[in-house]
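Some features that TrEMBL has for this protein:
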BINDING   51, 52, 53, 54, 55, 96, 145, 190, 305, 306, 307, 315, 337  cyanocob(III)alamin binding site
DISULFID  64-107  disulfide bond
């Protein structure tokens with residue numbers, strides 16, 4: 001597992017108040033420390049973590065929630081990245097990454113896992129992150145996009161600034177109006193704490209003996225079928241000089257009404273004679289578009305397949321969640337972050 005996935009698993013494990021059998025958890029925490037050190041080594045060699053600053057921040061946050069110290073050099077990599085504004089990627093929002101980093105900073109300070117001098121730097125960095133989140137809030141109330149907004153709300157909650165920050169109320173109102181966007185366990189896990197006025201930092205101080213076992217299994221209802229069909233114009237772009245022709249694919253793709261973008265890609269692969277191919281990789285947030293027409297998005301090259309609706313609007317949802325409209329043009333663009 002990568003740093004971020006293991007960190008999320010450990011946060012979830014602690015939040016469920018598992019039986020007092022520390023050995024398995026201790027082993028997982030040790031593995032997380034190992035993966036974080038690997039990420040830090042990549043940052044030292046390449047100027048950025050081997051995974052991403054998002055996963056790197058999640059690792060620091062999870063270790064802090066487990067009351068584990070992190071070497072100062074590892075923390076300072078995050079401070080430097082935040083100071084230079086290098087946490088985001090091209091065409092995307094850095095709000096979620098900076099919010100997770102701010103939560104990690106707030107946790108390290110609250111749990112007193114750093115010295116007084118570094119704690120003051122972390123306080124200043126958290127204040128700066130909070131200020132920037134308020135500044136980038138859109139007219140729709142979102143801070144970044146619908147999925148990064150819960151992370152920003154958690155920062156306001158963790159730093160006790162909900163009542164003094166007008167951006168908080170507007171963001172919460174926007175979130176309540178778009179709860180249908182949260183369809184995977186991972187995205188729900190980001191939104192639910194904020195909706196209950198909590199942050200991931202609260203996991204560190206949970207008293208499991210006082211927690212009631214109120215969890216009950218539920219079966220999700222299947223989505224209703226929508227009659228008819230839609231036609232989506234599917235475009236694949238790759239930048240020069242890697243792809244001299246730049247536009248590699250541009251074809252209409254018929255699909256059932258209500259189909260997801262993933263269904264549209266499958267329909268494109270099934271129709272001939274244009275030889276459309278793609279591969280996905282399963283992640284906690286759902287399928288991640290890994291390869292299109294044989295071109296792979298590589299972590300070491302800092303490339304990813306950006307999803308856009310024409311002419312140049314990034315999609316907030318993944319391939320399994322977004323449902324294109326009839327006549328819409330969807331662009332798959334190999335981009336750098």
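From the backbone N, Cα and C atoms, a Cβ is placed for every residue, glycine too.
The two recorded residues, residue 107 (disulfide bond) and residue 55 (cyanocob(III)alamin binding site), show a Cα separation of 16 Å. Residue 55 (cyanocob(III)alamin binding site) sits 14 Å from residue 64 (disulfide bond), taking the Cα positions as reference.
Between the CA atoms of residue 53 (cyanocob(III)alamin binding site) and residue 64 (disulfide bond) there is a gap of 16 Å, rounded to the nearest whole number. Listed binding-site residues: 53, 305. The one with the lowest count of other Cβ atoms within 10 Å of its Cβ is 305. If you take the C-beta of residue 64 (disulfide bond) and look for same-chain residues 6 or more apart in sequence within under 8 angstroms, you find 70, 104, 107, 108, 111, 113, 204.
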